[in-house]
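Residues or ranges marked as ATP binding site by TrEMBL: GLY107, SER108, ASN109, GLY110, LYS111, THR112, SER113. Residues or ranges marked as domain 'Mur ligase N-terminal catalytic' by TrEMBL: 25-80. Among the features that TrEMBL reports, domain 'Mur ligase central' is placed at 105-292. Annotation comment: TrEMBL describes 315-440 as domain 'Mur ligase C-terminal'.
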Amino acid sequence: MLKTLRLSEIAAEVGGLLIGSDALIAGVSTDSRDDLEDKLFVALVGERFDGHDFSEQVIALGASAVLVSSSVNVTPRIEVSDTGAAYATIARMQRRFYKHPVVAITGSNGKTSVKDWLANVLAQSTKVLKTQSNLNNQIGVPKTLLQLQSDDRFAVIEAGTSFPGEIERLGTSIEADVVVLTNASGSHLLGFGSIQGIAVEKGKLIETSKPNATVVLNADDPSFDYWQSLLGPRSLLSFSFNNDCATLFAKQVNESVDGSTTTLVYNQNTYQLQLDRPGRHHVANAMAVALAMLALGFEVMDVLSKLKHPEQVPGRMELLTGKNEAVIINDCYNASPKSVEAAMDVLALYKTHSKWMVLGALGELGDLEQSIHEGLGVYAAKAGVDHLVTIGSVAGFAVNGFENKKRSEQLSHRCETKHEALALLQALNHEHVILVKGSRSAKMEDIVNALKN
């Protein structure tokens, strides 16, 4: 933790009541398995856990005090009405002691890739704190902020959302100096009702950033004008494939299975960006990373020279080799409609291979579940997928769209189980490329693990 605090300071900031003696704390924890010496234990409450059950145990293990929202027989303790909100407030206290730039990243697609890519490029020359894995929620973001140290020169924080109001809560703790908003698409329609609802939620990261923050936006996103209206006194940097008025404009993109070469225009000057992995989504992520670095004071040539190697996130467009030498594109970490389309665009680059798409269900689509899956089937047919394999009844809706638009030589396979799908896939060899895609709930890694070498 950046700065030690007294229990009385914390109680005053979170609007709580300190019961027992005051003390200095050197850290904050929500996990009874941590080293708790001289720390404040925050008793979070979830659907399957209640930190209050461990109150006596954590004191015995060396915790200085507990922060609780229900009665416990432990002192010292701070009593509050909502331990989660108090945890976020303590994280904000620490963030305000931090004197270096904080970058906050959100978006329906690409946020984790952009976060890792930006943080790892920055870490080539200095010490950086970043969100680990995808700890991007109301527990993970405060946890990350509470790990800030004075010698961290940058902090790169990912903010996700699963319900309305979560981004605002996270952003209030982060108070970003730089905001990167990659896009808004239908990844959480069930919770937000519409793309517009998702855009409003993502926009809260702009509204909670510092008044002098710099905001990086995707000028090709339909919500760009709305997000721009939220800027107030903040500065804007934008990237685009279509709008040559954007700060960073991708004038031309040449792609192959080995990567891409993009002609970029910045400040009326032309630059070449070479990436060693294919996909326009990687180019978009690279532009977002580049603008974030420019906002942090880096020079454009220095930035572009560091971006050749997109960060490989396991389960996200990960290239593997199958047991019979088939190419496997493992993109099963998660899925939204736009990310499925982006993955199929990469699949289409394999001109000399037979192209197989294995699709599991996309979750959280609400009333649009059937129409979105059917639309993905149409996209697959137009993208030149030779074989569309769907698993389960929901993913099976994609077959309807595929059959309506496919050529005679394109085939669909509607499977009920993974076992049935694997019977089709296991004999595929070096002449084939297999894209595996679906939401986390579909557990499509089962297919990948069965096929890979």
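One is the number of the first residue shown, and numbering goes on along the chain from there.
Cβ coordinates are placed from backbone N, Cα and C, and glycine is handled just like the others.
Owing to the predicted nature of the structure, the values given are computational and were not obtained by experimental measurement.
The structure, with features from TrEMBL marked on it.
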residue : record           : CB count, 10 Å
GLY107  : ATP binding site : 26
SER108  : ATP binding site : 25
ASN109  : ATP binding site : 24
GLY110  : ATP binding site : 24
LYS111  : ATP binding site : 25
THR112  : ATP binding site : 21
SER113  : ATP binding site : 25
Chain-mates of GLY107, SER108, ASN109, GLY110, LYS111, THR112, SER113 with C-beta within 8 Å of site centroid, ATP: ILE105, THR106, VAL114, THR182, ASN183, ASN285
Where THR112 (ATP binding site) sits in the secondary structure, as DSSP reduces it to three classes: helix
Integer average pLDDT (0 to 100) for the domain 'Mur ligase N-terminal catalytic' (25-80): 96
